Structure formats: C-alpha cells, structure tokens
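Undergrad: Swiss-Prot lists these features:
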| type | residues | note |
| --- | --- | --- |
| MOD_RES | Met1 | N-acetylmethionine |
| DOMAIN | 141-456 | domain 'SAM-dependent MTase PRMT-type' |
| BINDING | Gln158, Arg167, Gly191, Glu213, Glu243, Ser271 | S-adenosyl-L-methionine binding site |
| ACT_SITE | Glu257 | active site |
| ACT_SITE | Glu266 | active site |
| COMPBIAS | 507-516 | compositional bias 'Polar residues' |
Amino acid sequence: MEVSSVKKLEQLEYSLESVTDLSSSSVSSSSPAVATFSYVDGVTELRFLQSDSTHCFNFDLASAQLFKLGPVHFICVSDGSSSSEEKSFSKGVNIKFKNEKDSKDFCESFEEWRNDSVVQGSSLQNGTVSANKSKFDNKIEASSAKMYFHYYGQLLHQQNMLQDYVRTGTYYAAVMENHSDFAGRVVVDVGAGSGILSMFAAQAGAKHVYAVEASEMAEYARKLIAGNPLFADRITVIKGKVEDIELPEKADILISEPMGTLLVNERMLESYVIARDRFMTPKGKMFPTVGRIHMAPFSDEFLFIEMANKAMFWQQQNYYGVDLTPLYGSAHQGYFSQPVVDAFDPRLLVASPMFHMIDFTQMKEEDFYEIDIPLKFTASMCTRMHGLACWFDVLFDGSTVQRWLTTAPGAPTTHWYQIRCVLSQPIYVMAGQEITGRLHLIAHSAQSYTIDLTLSAKMWGPGASQGGILQSSTCKFDLKEPYYRMSQPQAYPVAQEPPLQPQPELSTQQDIQTPNDELEEELLQQLPQNPSAQL
C-alpha cells in the first residue's frame, strides 16, 4: 500500500512569540508558544501550546484558514463544529512570530500540510468521492462548476466585464458616492474576480476588505492588488467558495456582482445571500441591495422568421440522398427552447412592462430554487405577439445616494444585453386586450434554470368580464443554452440577390428543398405597412 503523502511529511515545530484565543476577552499574553504540525489518527493537525499553560489549541488543517494582518502578525481560524450539519461558528487564535523569516517559513509549511490534507481527505478507500461536500458541491454538478470557474479564471472574460463601462462605472459611482458606508468598515467582496470592487471599497476608505474568489482568478487578483500599494495592505484575497471559507471577523458591508442573464442565471445570487447569513453583521449593508426582473410581451416578426427558418434545414428530403424530415419537429422544438440574448428596440414591446422584485437582504437561499411570477398585461396595439422580453436592474441603496444599474432596452447596452423567450406559436392580440400568463423558473444543477412560459390572450369586448381565454401558447426554455444574437442583423432579409456564380449541380430543387415560401410570404404579410405602428 502506498504511504500517504501526509505521512511522508515530518512533524514540524515553530517557536512563536505568542498565541492568544480570539474569543478571549483577557489581555494578550506575551509568553512564548510552540506551533506543531503533525499527523494524528488519519488527521493532519496544527497545535498551538503556550509555554506557561497546559491548554492546547488544535486545528484540523482540512478546514483551517490563515490570514496575514502584518509582517509577523497572523490569525488562524477553523470550523469549530464536529457535526456534519452546516457550520455555525468558528474558532481562532492570534499568532505573533519572532521575525519575518519564521512567519514566512510557517506559512509555507501551513500551505504544504494543508494541501496534502485536502488530497488525503478527498477520496474514500474505494476511490469514490467523499460525502463530506460543501453546500455548493451538493447542489451543483461538478462538470458545471469546473467549466464555470475555468471561464471566470481567464483574464479575457474579466476584461469583457471590466470593459462594460455601464457596469463598472455604476459600481464605482455607487461606492464612491456612498463612501461613508465604507469608511472604516470591514468589507467582503463575494466572487471578487479581478478584485476591482475590492479596490473600489479600499479607495472609499474601507478598514479591511476580504476578497473571496474561488477560481484561478484569485492569483491574478493578488498580483493586481499588490501592484496598487496605496490600498494593498487593506485587502486580503481568499481563494475559496463563500460556502466553505471562514473569516476572522464579521463584515459591515457585502459587495458583489452576482447577476447573470435574467438576473438569476449562474445561481450566484444564492452564494451572495449565503455570504450575508455567514459573514454580515445584523445591521450591515449589501451592494447591490435589491434586484428587479422586468417583463413585457413583444412582437418581432423578423426574429420569429429567423428562428423558424433555422429549423427548415431539417425539411430537406434529399440531403445527399438522406431524408432529414424525421428530425424537423425535434429541431424546431430545440431552436424555440433557446432564450434569445440580444439588444432590441423597446418599441417592439406591445404592452407596458411589469416587474418582480427580489430583496437580497431578505431572500433565503431556498427561495431561489423556484421562482413563480404571474403575468398580466394590457396590449397597446393590434399585432402578433411573439413572446416575452425580459431584463433586470439592481439598486445600490446607499446611505447617501441610491443608484440603479439597469439593463433595460433603450438604455446603454451592457454585457448582459436583454433576453427574449420566443413562442413557437405566436398569438394575435388586439389593442386593449388583456394578456395573462406565468413565468416559472426552476433551478437545476448546471447552475441555471429551466423556464416554463405560458402566455394567453383573454377574451375582449362583451365577453371579457367572463374571463374566457381566446388563445394560449406555452414553451419551455433552458436558460443555460441561450441563442446569442448580439452580432446578428436585427432585420431579416426579405429578398436576396441572385447568386453571382452558378450553384453546384446537387443544389437543385429536387435535391435540396428550400424553405416554405408560402409560409414565409404569409408571415411577412403580417408586417404593418407603417413601420412606426410596429416599432
């Protein structure tokens, strides 16, 4: 049997200037102490023993965290509960070294022993993954988490977000305009990424900022922060998930950019409220504070034809001798299960929008697992309704200034754009007609949501009071798999120039069937003669 890498490490001891319990109210002792790394009964431990006391502080390195407060001053914290239930408290000690060399050597040993501890405890004897997973790991599939953290661990994607000047500029303004909320306060940056929000908080006068980042971007954040010495000593980068890590103190302010497409995509809002419950003081503030999902029905004939024609490829009866039509229905359903991400003209909306509010200071993590939104609109025009358009905004409720960050159509475009759920069966509506429905979001383990959308046009005129339904259309969408249309032309070409070169012999009518021209002509005839009536 192979000897564990932990067992191969020799027991190490370090002489310390002093060690004191964080929870102790007594004056710190100046008596010397000894720190010992050891492997006991299958567990890697770090023990602190004061020379004038028999009391020993024991830490399981699998859950221990080390924080640097100065050249020779550190804090070590760890889970203080031995139960398998959710961690509810932590224990910690103040550590002071005799010199910087001792502190550096200790930190290197701490990382080496802790990493080996994680490797040793990651699998069971039969090779299966340990059941001792974090809350995040229990609800998110490993492949999705790996791709997610890989994506956000790359600088090019961080640059994409930093260059969203609406996003970055609004955060900067919200922090600086409310500097009194940050000055002298402890701040936690949830999902810190490059660390830009942590540096905003430090510029606003934060006493200390804990930048928590689970991806490899944490290393870039350390490098970037170190290159800005004006506030580098007030920012500590912690690599890990907020569900797993421990902090040496409570936070007065939480700051984060947890919003995804449709506000909730990527399910980071759950981590945001978990950080609130674990780290924030009862009277702390959250930046952002609330979010709103805005919704309105829309009419866009060009988009509908574009999506319908994508599936027409599968209508070919002689594609290199193969009949593709058996898959047409599945292809059509697949295209219309993709939410469309793009920027659209707000004049395409056929009713005034409504919104659903999410209060980050009050929402529980479980409240994000299923979100049910009843819909009710009044059509403002006679047209064909093609689906539901959605966008979001968030509020930074500072003590001095309340500032909104919006992704609304017609406003400056952000990297979130807007999202539209297109019905495979559009509905005709008349001006003044009531539109009802339901937007039902169910979270899944791929860090996204399944969307069930139903829209109905209620009877109008004399029978409206009876509440009868004239038409109804339902579609299911996967928010994880959108159709990114940002670079696509917003108008569908209604005619094409004849080809300059003759087509290959296979491209004859009997070989490759063209889209149903009669259907396309019928759809295009629905376009209003006066463009302003539609837009």
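Each Cβ is built from the backbone N, Cα and C atoms, and glycine gets one as well.
Let's see these features in context: how buried, what's close, how far.
TA: Same-chain residues at least 6 positions away in sequence with a Cβ under 8 Å from that of Ser271 (S-adenosyl-L-methionine binding site) are, in sequence order, Phe136, Val190, Gly191, Lys241, Val242, Glu243, Pro258.
All chains included, 23 other C-beta atoms sit within 10 angstroms of the C-beta of Glu257 (active site).
The Cβ of Glu266 (active site) lies under 8 Å from the Cβ of Tyr148, Gly260, Gln447, Ser448, each of which sits 6+ residues away along the same chain.
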Undergrad: Give me the mean pLDDT over the domain 'SAM-dependent MTase PRMT-type' (141-456), rounded to a whole number.
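TA: Averaging the confidence scores along the domain 'SAM-dependent MTase PRMT-type' (141-456) gives 97.
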Undergrad: Could you tell me which of these binding-site residues, Glu213, Glu243, has the greatest number of Cβ atoms within 10 Å of its own Cβ?
TA: Glu213
Undergrad: Out of Gln158, Arg167, Gly191, which has the highest number of nearby Cβ atoms, where nearby means within 10 Å of its Cβ, if these are the binding-site residues?
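TA: Neighbour-count leader: Gly191.
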Undergrad: So, three-state DSSP: helix, strand or coil for Gln158 (S-adenosyl-L-methionine binding site)?
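TA: DSSP assigns Gln158 (S-adenosyl-L-methionine binding site) to helix.
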Undergrad: Give the helix, strand or coil assignment DSSP yields for Arg167 (S-adenosyl-L-methionine binding site).
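TA: The residue in question, Arg167 (S-adenosyl-L-methionine binding site), is helix (DSSP, three-state).
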Undergrad: Give me the Cα-Cα distance between Glu257 (active site) and Glu213 (S-adenosyl-L-methionine binding site), rounded to a whole Å.
TA: 12
